[in-house]
2 protein chains.
Amino acid sequence: MSNQAVEFLFYLVPLGSLLALFYALYLYTFVSKQEAGTDKMKEISAAVREGAVAYLKRQYSGVALFFVIMFVILTIISFMGYLPKVVPFAFLTGGFFSGLAGFFGMMTATKSNARTAWAASKSLNSGLQVAFKSGAVMGLVVVGLGLLDLAIWFMVLKYAFGASIEVITATMLNFGMGASSMALFARVGGGIFTKAADVGADLVGKVEAGIPEDDPRNPAVIADNVGDNVGDVAGMGADLYESYVGSIVATSALAVAAGLGLRGVMIPMIMAVIGVLASIIGTWFVRSEEKAEQKTLLAALRKGTISSSLIIAIVSYPLIGLVLGWNRIGVYGAVLAGLIGGVIIGLLTEYYTSGTYKPTQNVANTAITGPATVIISGLSVGMLSTFLPVLVVCVAILISYFAAGHGDFNMGLYGIAISAVGMLSTLGITLATDAYGPVADNAGGIAEMSGLGKEVRQRTDALDSLGNTTAATGKGFAIGSAALTALALIASFTEKVGVEATHKMEEIVKAGGTAPQWLEQAKHINQFLDITNPQVLIGLLIGGMLPFLFCSMTMQAVGRAAQSIVIEVRRQFKEITGLMEGKAKPDYARCVDICTRAAQKEMILPAISAIIAPVIVGLLVGIKGVAGLLAGSTVTGFVLAVMMANAGGSWDNAKKYIEEGNHGGKGSDAHKAAVVGDTVGDPFKDTSGPSLNILIKLTSMVSVVFASFILTNALFK
Amino acid sequence: MSNQAVEFLFYLVPLGSLLALFYALYLYTFVSKQEAGTDKMKEISAAVREGAVAYLKRQYSGVALFFVIMFVILTIISFMGYLPKVVPFAFLTGGFFSGLAGFFGMMTATKSNARTAWAASKSLNSGLQVAFKSGAVMGLVVVGLGLLDLAIWFMVLKYAFGASIEVITATMLNFGMGASSMALFARVGGGIFTKAADVGADLVGKVEAGIPEDDPRNPAVIADNVGDNVGDVAGMGADLYESYVGSIVATSALAVAAGLGLRGVMIPMIMAVIGVLASIIGTWFVRSEEKAEQKTLLAALRKGTISSSLIIAIVSYPLIGLVLGWNRIGVYGAVLAGLIGGVIIGLLTEYYTSGTYKPTQNVANTAITGPATVIISGLSVGMLSTFLPVLVVCVAILISYFAAGHGDFNMGLYGIAISAVGMLSTLGITLATDAYGPVADNAGGIAEMSGLGKEVRQRTDALDSLGNTTAATGKGFAIGSAALTALALIASFTEKVGVEATHKMEEIVKAGGTAPQWLEQAKHINQFLDITNPQVLIGLLIGGMLPFLFCSMTMQAVGRAAQSIVIEVRRQFKEITGLMEGKAKPDYARCVDICTRAAQKEMILPAISAIIAPVIVGLLVGIKGVAGLLAGSTVTGFVLAVMMANAGGSWDNAKKYIEEGNHGGKGSDAHKAAVVGDTVGDPFKDTSGPSLNILIKLTSMVSVVFASFILTNALFK
């Protein structure tokens with residue numbers, strides 16, 4: 001393919017972005033047109049929506065303050081000469097688009113919860129269609145906005161500033177930090193909100209007052225439903241926006257390092273465009289007969305994701321051959337390794353967490369001897385479940401590196417990065433299957449609260465349980481791609497350090513001076529990052545500890561926030577007369593407000609710690625320390641995230657397995673023990689675990705942005 | 001100091017060894033001379049002793065089989081030219097002495113349990129004296145046998161074989177693997193035994209049958225007491241023997257690499273000899289008035305450890321100055337960093353796990369809202385408690401490296417290694433304060449079972465609770481020194497790879513060939529171990545996952561073994577008529593036998609996995625992969641071990657805090673919730689957590705032994 005043709009290819013990126021966004025609009029219109037059900041349902045849906053919007057408003061205004069402060073800091077640093085002047089702006093847009101993706105997804109989800117419940121009163125398939133399409137809006141908005149942000153900056157830098165491809169990719173790498181910061185706040189804040197409401201509602205409602213889940217008499221019930229939207233939808237949207245954009249910009253930066261120039265940069269971008277098309281086509285396969293059963297529905301969803309993967313697997317081959325040249329077709333091996341690796345990790349996640357397989361059934365069996373054995377066995381399953389995903393990622397790394405690079409270091413790293421892009425290329429549809437879960441969950445709540453009848457509730461439960469399976473697969477993708485992206489970002493970081501050092505040395509030499517030795521080392525930093533170097537070791541140790549510290553903070557935050565909900569719900573039960581008899585209405589808004597405030601307050605410390613850790617370590621222990629920190633936090637973060645997500649999922653489904661009538665069913669001692677496991681698992685799988693995905697990338701992003709500053713100002717060089 | 005004087009110094013090592021062993025014999029005689037109490041007490045004590053001996057016999061014969069197999073493998077490998085012929089024998093003696101240390105410690109402990117109970121019936125101080133002296137036997141036997149093994153090999157190699165100092169240190173490094181393997185089996189097997197008996201006895205006895213702890217009607221009660229001896233005494237003895245010897249041999253190997261020769265090798269050995277003296281003197285400070293209270297006793301124990309530390313701090317200064325030369329006095333900074341770092345980590349452990357401080361009180365507070373919140377808060381405390389110990393180790397690394405090396409790489413690594421020796425030099429007495437805990441625990445059990453009266457039980461409880469505090473400090477030392485030793489061992493590993501590669505290249509060149517590129521790389525392996533190298537990354541990921549896998553296996557093993565005890569205890573309650581009324585005796589021996597079999601069977605898989613992991617990774621991903629694996633497992637293993645030990649300790653003491661009358665005291669709902677936490681914490685703090693200390697060193701030891709074999713035969717070089 002000629003150079004001109006490659007440049008021309010770029011225009012597919014804004015086109016793909018618009019295609020995704022317009023198709024999302026089309027699906028949104030479809031969802032909006034559905035009936036929202038009875039007045040009662042509309043009322044509840046409106047309350048949930050109102051609470052969610054109120055939360056996001058507060059969260060975004062809090063985060064806006066953070067972004068203003070960071071903007072000022074970055075501007076100062078850029079005026080000190082450590083950053084290009086455009087970076088602070090790139091930082092802002094990254095955060096803005098990431099937040100926007102979450103916002104749109106959440107608006108759609110809150111619109112479709114009542115509509116899904118109403119559609120489910122007709123048939124299971126109708127319910128699925130509404131919920132899935134609302135999930136697809138989120139999926140397409142995330143990829144559409146991601147491509148839009150990339151396209152805008154690419155065009156501005158190239159055509160308005162006339163920047164070289166090196167400068168373009170370096171700048172784009174910086175805006176990842178904005179997206180990551182936003183994602184971390186959204187995930188942590190949303191995660192604290194949703195689990196505080198969930199745990200708080202359960203502890204008083206189910207355990208103390210003995211009323212069922214989603215009972216309208218429970219004052220925290222609306223907050224619980226709001227939580228699904230702000231945590232599992234808005235939080236996840238921001239999270240995966242960040243993964244998606246992060247993997248593309250990291251690959252682009254490594255493309256330049258590997259000497260592939262614009263051609264190498266185009267590959268991840270065009271793969272993303274193909275991904276948009278493949279996802280849209282995939283959504284067409286998600287249909288089923290009106291009277292379909294749950295199994296058929298799962299098959300329908302699977303058909304959608306598998307066909308998308310196949311399209312990408314087929315189209316990437318000629319794309320890479322034509323753009324990079326057929327002599328570099330080995331890069332295709334990296335794409336396949338990523339695609340297949342993602343699928344396998346998803347299946348493994350399902351195996352360890354689904355009630356239809358041994359591991360989770362064993363956890364359910366230990367419930368017979370009480371809560372202690374449930375906790376021990378759940379933690380064991382979580383720990384055990386790290387083994388195979390780690391091996392899969394290792395094999396993907398090995399294949400990607402050698403297939404793409406044949407031993408060439410930079411080409412190999414490009415291969416690892418592109419495998420993350422391959423894994424995430426089907427994001428449009430995998431995110432759709434993932435985001436539909438909370439919608440179904442909400443629909444169930446609305447069906448219960450508005451008294452739609454047992455059959456409808458059974459259908460929404462079926463949809464919800466289907467959502468748990470797809471969510472498990474989605475989580476596998478999220479964490480697998482996070483690990484690969486983080487590794488690519490570490491490579492981008494060391495690459496950037498080398499470039500900065502070379503630049504600084506040239507300046508010193510030009511001014512007639514001699515460059516100090518540490519600058520000479522930094523130029524070839526890779527050669528000095530050996531794991532027996534004490535600075536690297538210290539970084540590794542601190543990095544390895546960081547995910548534990550982070551999880552401790554987020555879990556304690558959930559605990560504290562849940563405690564305040566417990567107190568409030570108890571108060572309302574006591575003070576509002578006639579509440580338990582259904583004669584008086586609880587004060588839902590107060591619970592929502594308490595969760596909002598608590599999440600707002602509690603998200604600050606963990607998020608800020610994650611952001612400043614690499615800078616502090618860098619200023620004290622130098623660039624080598626930072627590199628060690630990134631490697632350490634990626635390794636521990638990845639393993640811990642898999643462990644927490646799977647332990648949490650396994651406890652959740654062990655409880656469901658017992659509820660299906662095993663070991664005495666609902667209300668038995670075994671069930672009570674399993675509920676303890678499920679409650680412990682809540683912050684594991686929905687707050688701390690998924691936040692780690694972002695943590696490991698954010699630390700890299702921050703390090704990239706502050707690389708030059710750290711390089712010059714470190715205490716130990 | 002002249003070279004001759006330095007050589008002469010060596011004779012202090014066998015002398016120190018004999019001093020330690022004879023002083024241990026003296027203390028043992030003292031303990032033996034004490035009265036063993038009533039016939040009932042003698043009977044119980046004999047039953048415990050019998051069970052413990054039966055277990056150790058079975059364990060040692062199982063482990064002997066493993067040692068025979070490994071001996072054959074090592075012999076084959078040595079005949080293939082990958083190892084010196086003497087290594088298989090060194091491997092055997094390491095294992096033998098490690099096992100012997102555990103055996104002697106356990107024989108003393110089982111002898112002194114009834115004697116401690118009887119002495120406690122006189123006064124608190126008398127009880128302390130017997131228990132502490134029995135702990136001191138263990139401490140001195142460990143250091144005495146360690147020095148003996150070192151002295152014998154040093155003399156055999158130097159005088160019988162005329163080996164150079166390089167060959168001597170390289171060979172001694174290899175016998176660490178024998179000690180580590182033995183330690184891992186002892187820790188894992190003993191840990192499974194003790195917790196299976198403990199959890200099993202509690203689950204049926206306390207929870208189902210409602211009888212108190214240590215009630216003679218409980219068929220698992222003797223097994224529980226046996227467990228304290230085989231797990232907490234024999235297991236810990238083998239464990240710390242391994243740490244002690246490992247830190248000395250790693251330092252010796254790095255001394256040669258740093259060009260310090262015999263002088264550098266003498267430093268850790270003579271420091272150990274000083275440690276023997278300091279520990280013996282320290283034991284003299286552990287005295288108190290007859291009517292002393294618990295606080296005074298703790299102060300007495302503290303006085304002992306602190307005076308030992310001071311002696312070492314003072315005497316090391318002239319030692320280093322005279323032997324290494326005053327220009328290398330910076331090495332003394334490393335000794336201090338290790339000594340002080342160990343004390344700080346011990347204090348931090350106490351802070352996070354003691355009921356007198358906030359963290360554990362907070363865990364107790366969350367018991368009010370049930371077991372789920374107890375688990376979440378305990379895990380949070382455990383995770384949070386990793387932060388400061390990691391920082392302390394990092395600071396110790398930084399100080400040791402720069403104080404000893406002033407930027408010189410090999411001298412810096414020697415510094416890191418010597419800081420571990422500094423931390424462990426007071427082992428004789430810290431282990432004494434640690435090993436006395438299980439003796440006090442057993443004494444309490446015997447007092448209860450033989451009906452010695454409430455006052456005696458209160459005294460043994462006070463001794464036991466004091467033991468918990470000192471055990472926390474001891475655990476801090478064990479894990480901190482394990483991290484530093486593991487880092488030194490990683491450095492020894494890469495050092496050995498370089499030496500082996502140089503050797504192989506010389507052979508090839510001598511034979512007229514040209515050395516391949518991978519051999520050239522291996523010669524300077526440090527320069528190729530950068531953390532962005534995919535082989536290193538893969539190693540890091542697998543190494544980071546290994547501790548999780550290992551913990552999963554050991555926790556599940558405890559769960560399964562406890563389950564079989566539960567079934568047996570339930571059977572005896574049902575089938576033995578008159579048991580609950582105290583008219584019939586339970587079949588204690590059967591429970592001991594079940595635990596023995598279970599521990600025996602369950603210890604194999606985790607131990608073998610730990611041993612073969614580095615070899616498999618090495619053969620597939622090469623030396624770089626192994627180095628990554630070692631770094632990854634050290635980082636995650638260290639952090640996870642701290643987390644598990646402290647979470648477990650915190651749950652234990654949160655339960656005790658409630659039992660002291662807070663939140664409703666014994667029998668309240670809060671207490672029941674806290675018991676759940678304590679049960680989860682049992683395998684955390686006594687099986688999985690402490691085994692990780694050994695795991696991280698064993699992987700390094702195995703890698704050192706197989707370095708040459710892996711280097712030549714790896715698939716990816």
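Cβ from N, Cα, C; glycine included.
Remember, predicted model here, so these are calculated numbers, not experimental data.
As annotated by TrEMBL, transmembrane segment applies to B:12-31 (among others). Residues 104, 108, 111-112, 115, 130, 133-134, 136-137, 140-141, 143-148, 150-151, 154-155, 269-270, 272-273, 276-277, 279-280, 283, 428 of the same chain lie 6 or more positions beyond the ends of the transmembrane segment (B:12-31) yet place their CB under 8 Å from a CB of it.
Positions annotated as transmembrane segment by TrEMBL: B:63-83 (among others).
The feature transmembrane segment is assigned by TrEMBL to B:89-109 (among others).
Same-chain neighbours of the transmembrane segment (B:130-155): 10, 13-14, 16-21, 23-24, 27-28, 30-31, 34, 90, 93-94, 97, 100-101, 104-105, 108-109, 111-112, 115-116, 119, 168, 171-172, 175, 233, 237, 240-241, 244-245, 248-249, 269, 272-273, 275-276, 279-280, 283, 286, 301, 427-437, 439-440, 443, 463, 467, counting only residues six or more beyond its ends whose CB sits under 8 Å from a CB of the stretch. Annotation comment: TrEMBL describes B:130-155 (among others) as transmembrane segment.
Taken from TrEMBL, the feature transmembrane segment covers B:167-186 (among others).
Sequence annotations record features per position, and here TrEMBL assigns transmembrane segment to B:244-261 (among others).
The transmembrane segment feature in TrEMBL is assigned to B:306-326 (among others).
What TrEMBL records for B:332-351 (among others) is transmembrane segment.
The transmembrane segment feature in TrEMBL is assigned to B:363-381 (among others).
Residues of the same chain lying 6 or more positions beyond the ends of the transmembrane segment (B:411-432) and with a Cβ under 8 Å from any Cβ of it are 20, 132, 135-136, 138-140, 142-143, 236-237, 240, 243-244, 247-248, 250-251, 254-255, 257-258, 260, 264, 267-268, 271-272, 274-276, 278-280, 282-283, 304-305, 308-309, 312, 316, 328, 330-331, 333-339, 341-342, 396-397, 399-405, 473-474, 477, 480-481, 484-485, 487-488, 491. As annotated by TrEMBL, transmembrane segment applies to B:411-432 (among others).
The feature site 'Determinant of potassium dependence' is assigned by TrEMBL to B:A471. B:A471 (site 'Determinant of potassium dependence') carries a helical DSSP state (H, G or I). Applying an 8 A CB threshold to same-chain residues 6+ apart, the list for B:A471 (site 'Determinant of potassium dependence') reads B:D434, B:G437.
Feature annotation from TrEMBL assigns transmembrane segment to B:603-623 (among others).
The annotation transmembrane segment is assigned in TrEMBL to B:694-716 (among others). When Cβ-Cβ distances below 8 Å are used as the criterion, the transmembrane segment (B:694-716) is approached by residues 74, 77, 80, 82-83, 87, 91, 173-174, 176-177, 180-181, 183-184, 187, 239, 242-243, 246, 482-483, 485-486, 489-490, 492-493, 496-497, 500-501, 504, 522, 535, 543, 546-547, 550, 610-611, 613-615, 618-623, 625-626, 629-630, 633-634, 637-638 of the same chain, each at least six residues removed from its ends.
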Ranking B:63-83, B:89-109, B:167-186, B:244-261, B:363-381 by Cβ pairs under 8 Å to the transmembrane segment (B:603-623) puts first B:167-186
State the non-local partners of the transmembrane segment (B:167-186) in its own chain: residues 6+ outside its ends, Cβ under 8 Å from one of its Cβ atoms. 59, 62-63, 66-67, 70, 83-84, 86-87, 90-99, 102, 149-150, 153-154, 157-158, 234-235, 237-239, 241-242, 245-246, 249-250, 252-253, 255-256, 265, 489, 492, 496, 499, 603, 607, 610-611, 691, 694-695, 697-698, 701-702, 704-705
Within the same chain, where does the transmembrane segment (B:306-326) have neighbours whose Cβ lies under 8 angstroms from its own Cβ atoms, ignoring anything closer than 6 residues to its ends? I mean 6 or more beyond. 1, 6, 9, 260, 263-264, 266-267, 270-271, 274-275, 277-279, 281-282, 285, 332, 335-336, 339, 343, 422, 425-426, 428-429
Counting only residues 6 or more past its boundaries, what in the same chain has a CB within less than 8 Å of a CB in the transmembrane segment (B:63-83)? 91-92, 95, 99, 174, 178, 181-182, 185-186, 705-706, 708-709, 712
